[in-house]
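Q: Sharing a structure, written as structure tokens. Questions coming.
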Amino acid sequence: MSRRLVLLGPPGAGKGTQAARLSAELGIPAISTGDIFRSNVAERTELGRRAQRYMDAGEYVPDEITNAMVRDRLAREDAAEGFLLDGYPRTLDQVRELDDMLAANGLALDAVIELTADDEVVVQRLLGRAAEQNRADDTDVVIRRRLEVYHDQTAPLADHYAERGILARVDGIGAVEEVTERLLGALHAG
Ligand code: B4P
């Protein structure tokens, strides 16, 4: 089965939720750029300090910061046999960088899955999470901005990967377990 994977989708589509489940199921690390940024913010590192103002506003962290962080993370030993990237790439520049990082080792992505969900569904989910987790970027205004940025910069990446013949689209609406089954089905079919 494919081992070098990307999970695309709007904020709130369930990427983080599903990445953790797929990671356990497939035995590969789930690498979430959002989680890495948040832990750096919590630990008050230099990287966290640089990323925080973008995240709090619902904007993407600049490509050079994000790409350097992913390059370091993919160089770690646990990613040698495969990985599931959650939330990266999000821009065309990041797509190119990821291709370069892999090509330097004679590798390429095996599959990209776009987890789909309507804007209204994701807004409701993220507002629900706000009530539980108090994430700085889960306010109504910032959620709307994150969706705008997603449609503008990240949604076109799905077409790019479709042209390369490595994209599968999976419906992210339904119970968490059901969505995981669909994702595993798409990966086995790919
Ligand atoms: P992320 O952490 O990736 O945030 P996200 O898009 O909201 O996804 P997340 O994984 O958290 O949510 P999920 O859909 O699982 O990014 C945060 C910020 O970091 C970005 O805005 C940006 O500033 C920065 N960043 C990250 N990567 C970057 C990059 N590559 N380039 C530049 N900047 C970057 O879950 C949402 C909610 O839905 C949860 O409450 C969950 O419980 C619920 N849910 C999930 N599945 C469900 C289901 N089936 N049914 C009902 N609810 C469900």
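Each position is counted from 1, following the chain as shown.
Just so you know, glycine gets a Cβ as well, placed from its N, Cα and C.
OK, TrEMBL features for this one:
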BINDING   GLY12, ALA13, GLY14, LYS15, GLY16, THR17, ARG129, GLY174  ATP binding site
BINDING   THR33, ARG38, GLU59, TYR60, VAL61, GLY87, TYR88, PRO89, ARG90, GLN94, ARG135, ARG146  AMP binding site
REGION    32-61  region 'NMP'
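Mind mapping these onto the model and telling me what they sit next to?
A: Of all the Cβ atoms in the protein chains shown, 17 others lie within 10 Å of the Cβ of THR17 (ATP binding site).
Following the DSSP three-state reduction, the secondary structure of ARG135 (AMP binding site) is coil.
Tertiary proximity for the region 'NMP' (32-61) is limited to same-chain residues at least six positions away from its ends with a CB under 8 Å from its CB atoms, namely 15-16, 19, 69-70, 73, 85-88, 90-91, 136-137, 141-146, 149, 153.
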Q: List those of the binding-site residues THR17, THR33, ARG90, ARG135 whose Cβ lies under 6 Å from any atom of ligand 1, in sequence order, or write none if there are none.
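A: Only THR17, THR33, ARG90 qualify.
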Q: In sequence order, what residues of the same chain, 6+ apart, have a Cβ less than 8 Å from the Cβ of THR33 (AMP binding site)?
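A: Within the chain, THR33 (AMP binding site) has Cβ neighbours under 8 Å at THR66, MET69, VAL70, LEU85, ASP86, GLY87, TYR88, ARG90.
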Q: If H, G and I count as helix, E and B as strand, and all else as coil, what does DSSP give for GLY16 (ATP binding site)?
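A: In three-state terms, GLY16 (ATP binding site) counts as helix.
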